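What follows is a set of notes on a single structure, which appears directly below.
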Amino acid sequence: MVSYWPVLIVLCLLPICHAKSYFADFVNGKGPFKQADALKFMDKMTILNKLQADILGIPQPDEFSALDFEDKIESKPDEIPYLFEGDMVLTDEQMDLIIKNVRDQYWARKSSTNEFLYAIRGKRSMTSFLSERWSFPVPYYIDTSSGVNTNAVLAGVAKWEQETCARFTRLNSYSSSSRQNALRFISGNGCYSNIGKVSRFPQDVSIGWGCTSLGTVCHEIGHALGFYHEQARYDRDDYVSILTQNIQDMYLSQFTKQSASSMVDYGVGYDYGSVMHYDQAAFSSTGGNTIATRDPNFQATIGQRVAPSFADVKRINFAYCNSTCSNYLDCQNGGYINPNDCNNCKCPPGFGGQLCDVAGTNSNGCGAGDITATSSIQTISASGALTCNYVIKAPVGAKVYFQMTAATFSRYSPCTTNYLEINYGRDFSRVGARFCASYPTISLSETNTLVVIYKGVNGARFSLNYRYDPVTFSTSAPTTTSTTTTTAPITVPTVSPTTTTTRQTTTTARTSTTTTTTQAPPTTTTSTSQCASWSACSAQCGGCGTQSRRCGTYVETVYCNTNPCTGGYCCRPFFYVTSFGTGYCRRPGADTPAAPQRYVEQRKG
C-alpha cells in the first residue's frame, strides 16, 4: 500500500500550510472521509490509476502530488483530484467493485472474444443496485452553519421535482448520529456527492465555492439519485475519444469506464448534452482538450452545467416513476408519459403537443414551427432574444438537406446561453449538435425529420437553408398497374474543365441584364506546359465535384461546376445564395474560385 504521510510532511513544510490546504483537510478527516478511510481511498485511487495506464498502454503514472491538488480545486471545484471522477464519494465496497471491473476491462482487451462478450452485456449510465435507490420523499437537511448557499440548494431540488416524480422533504434539524437515510447539503471543499443511497446514515452533498449554478447543483443531486458520469458509460468509446496526451498521468483514473453490469440505462442512449458529462478539457494538463467527440459537430455540446437534459430526466423518470401513470399515450419522437401530468406526454426539445407530434411553442418573431420541405431551397431565420423551435419534415423516404448560411452567437464552449441546435439524428430524446462558434460539417438528416432550435440573446441571429433530398425524389403515390414507369432524371450537359457562371444584375434604369462569364480553373506558379489536361469534373453541379491534373511530381485538384443544382442547392464548402432573383453557389470568405490544392502523388511500387 502507498503511504501518504511523507506527502503530509512535505506539505507542512511549505507556505501553503499557512493558508487553506484542501489536501491536508482531506487526509486529516476534515473532508468527506474519516482519516483512515481517506488514506485507504487514496491507496485504491493509486491502484486504479495504474490499472488505467495499463489499459491505455502508457507508462506507469507518477504518485499523487498534494500541490497539484490545491491549484486544481481552486480552478475547477468539480474536479477534485483525490475523489473518484472529480466529485464522487464512493464506499469501500463501491471502490472495490470498480477496481474489479477495471481489471476485467484490462483482461478483456487481451482477448477479442472476451471483449465482445463484455461489450454485449448492455449500455448503462445509472447504478443498477436497487439497494442504492431512494424511496420518496427523500429527506434532506441544509446545513446553513457550513455556509452553504440555501437558495442554490432549493433551486436544484425544485428543478428535479419539476421535471420528474422525485420528491424531497426538508428536515428542520439534523443529528450526525441519526440512523436515517438523508442528504445533508454542506459547503465543503468543492462539489461532491455519493452515488445513490449508501447507508442508514445521512450522507453529505457538498455545494461549495464555485458549485452554486443550477446545473452543478442538479449534477450533484443526480449523483445522489444514482447517476454516474455520462462519459464513464461502457459504450463511451463509440461516442468520444479520450486524449491521454493532454491528461496529467496522475489523473488517468478519472477517465475509467464503468462495467455494463454496474449501471442501467433504461434504453436511453449516450447523451452529449447530459448535465452529467465532463467538459472537453476536464483534468487537462496542457489546457488542451482531453475529450474529443467522435462526431466533431458535438464538440461544443459536451459539458453543459445549465440544467438536466431531456435524457437525464427521462432516465430518472424511467428508474423511479414507471408505475406513476396507469394510462397509455402514443407519445412520438422520443417522448413518454409525463409522470407529473399523466394526460400528456413529456416531449423532447423542439417538440410539443399532447403526443409530441408537432413543433414546440414558438416565441413571437420565430414564425411557424412545423415546416414542410420541398425540392426548392427555403430559408428559416431568427434574431434577438428568442427561443424558436422548428420541425422540418421531408416526404417519407427522403431526407432533409440543410446549410447554416449565417450565424452570430457568443463564442463559448460549451454552447450554453445562445446557440443553434440541429438534431439531425434518429433519436430526438438526445441533445442535438449545438453551434455557437462554428458551422456544421454535415448537411443531411438521417431521417425525413430535422429539428432546429434557436436559443438567442440580443445581438444573436441565424439563417438556415433547407430542402428535401434527393431533389428528384418522387412524392407521387406508386402505381397499382402492371406497367412499370420510370422517371428519367434531369439531364445536365457535361461541362468541360472551364466553368460558366451566369448572374443577373440590375441597372440603375431598373432594366434587367444578364452577364455570362467563362472562367478556367485558377493557374498556379507551375508552368502549364508541365501539367497534363484537367480531368472531367466528378459532379455536374453545385461545386459537388473536383477535377485534377498532374503537374510534374504534383497533383492539383480544384472544385468545379459551381453552378447551382436543380432545385437550388450547393455542396460544401459552398452554400446557396440569391442575388436579384438569381441563385449561385458561394464559397465563404471568397468571391473567386479557390486556388488548386497541391499534394505529392504517392506512387505504388
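The backbone N, Cα and C atoms fix where each Cβ goes, glycine too.
Note that the structure is predicted; figures quoted are calculated from it, not measured.
Partner cysteine of C165, as given in Swiss-Prot, is C321 (from among C12, C17, C321, C325, disulfide bond). Cross-referencing C531, C560, C565, C570 with Swiss-Prot gives C565 as the cysteine bonded to C541, criterion being a recorded disulfide. Of the listed cysteines C544, C551, C560, Swiss-Prot assigns the disulfide bond with C537 to C560.
Reviewing C191, C325, the cysteine that Swiss-Prot connects to C211 via a disulfide bond turns out to be C191.
Which of C331, C356 pairs with C347 is settled by Swiss-Prot: its disulfide partner is C356.
Within 10 Å of the Cβ of C191 (disulfide bond) there are 29 other Cβ atoms, across all protein chains. Nearest in space to C356 (disulfide bond), taking C-alpha to C-alpha distance over the recorded positions C211, H219, H229, C366, C388, is C388. Sequence-distant neighbours of C388 (disulfide bond) (same chain, 6+ residues apart, CB-CB distance under 8 A): N362, S363, G365, C366, G367, G369, A382, V452, I453, Y454, G456. In the predicted model, residues of the domain 'CUB' (366-469) average a pLDDT of 97. Other residues of the chain with a Cβ within 8 Å of the Cβ centroid of H219, H223, H229, the Zn(2+) site, are E85, D87, M88, S193, E220, G222, F227, Y228, V275, M276. Residues of the domain 'EGF-like' (317-357) grouped by DSSP class, helix first, strand second and coil last, total 4 helix, 11 strand, 26 coil. Here the C-alpha separation of H229 (Zn(2+) binding site) and C191 (disulfide bond) works out to 14 Å. Rounded to a whole value, the Cα-Cα separation of C325 (disulfide bond) and C537 (disulfide bond) is 60 Å. With respect to C560 (disulfide bond), the closest of these recorded positions in Cα terms is H219, chosen from H219, E220, H223.
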